[in-house]
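Enquirer: Below is a structure I'd like to ask you about.
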């Protein structure tokens, strides 16, 4: 007796009698590609090339890069694959067709035999999630990450400790599939916040080279001592032979003090109770030796980027060509000023891995250019980018961002300065050279989330009201005048 059903069996991995139930008997010739018969490979090659594939429900699953075989009781007449980009069909012999998964997706396979029977199967080509799971587990052994594959899509589920792990798992899954559904949840109890205190200072090194300052050390050998309200009083140790005091913005030294010329401007900006080194920034600012450009304090989550900009945007024209040789001018804006970008990451041991990029830029009209009657200034920029590992509360400094300028000033007496020969006696030329340096002091701190706001409780006692009768009775009686 002839049957219309074809048997579906796995080669090499399962017994020949184990077959799956067909999906339907309908033919689906949608965007199909016919596969003609070809010489069958050897049996030994079949045994090594095929891998066991499990079937679940009506959808039959096959892993990308692996193959299964379909065998029929009668000789094959035609084979159609609806999505040849997903499955590749090869007729191993007149009664067998080999299907190889090329990429994730879904495809139907329709078979016809010479006896008139036909059958259609639905296949899901899945990602090799087991290999991906082992890769993620090897890279992140302490994280609770689950990997699944659904219709060619990689699905990540579970919980992770940090946002960095969240991003790393997503990138690893992207190597296996372009379609990744990331449902991982970052454990809120493990989220850390980092507060960054930054001080960006511009120091006039030309003036600083001419400035001598008495610094202090609370140890046995003291070169100079200062009294200031900026630092703890424990540093005001007295010693014979040298003492000084700071008052009114100046420094008054007694005989016996040794004035040391400061060659490193960083000595003015650092203070540590262990090093016992400090100075008064207010005094330096009043002498116009330094200028504090910005003191931002920014808090962000571990693994999240934060930025700061104190400045503005200046317009500049952009000439664009048009049809017929005509040109048009559009206005664009570019930012300038004090800019800061940083990316903190709290490590499991409590240290902070910090990537910081400070930038100071200003408009430079000395190097401006003229375009179509517009004066476009240049931008003088000093930028640094570094990555360090610190503990909470530790500081580090970035220095050496120099800016050297030369300015010519011409003074003359109007009128007589234009007289040939004699006019040169009434002119003066002054050349000024200045050198400024940008110093950046950075201090990261790990901060805990703020506690929840207290819950408002409605009062239980009744709201007092005014009794008009009692109020009127308590009022003093006013006798009318006769």
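Just so it is clear, glycine is given a Cβ too, placed from its N, Cα and C backbone atoms.
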Enquirer: Could you check which of 234-256, 257-279, 280-302 is flagged in TrEMBL as region 'Disordered'?
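Expert: Among 234-256, 257-279, 280-302, the range TrEMBL annotates as region 'Disordered' is 234-256.
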Enquirer: With DSSP helix as H/G/I and strand as E/B, how many residues of the domain 'Pilus formation protein N-terminal' (61-117) fall in helix, strand and coil?
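Expert: Residue counts for the domain 'Pilus formation protein N-terminal' (61-117) by secondary structure: 0 helix, 36 strand, 21 coil.
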Enquirer: Calculate the per-residue pLDDT averaged over the domain 'BON' (129-186) and state the result as an integer.
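Expert: Overall, the domain 'BON' (129-186) comes to a mean pLDDT of 85.
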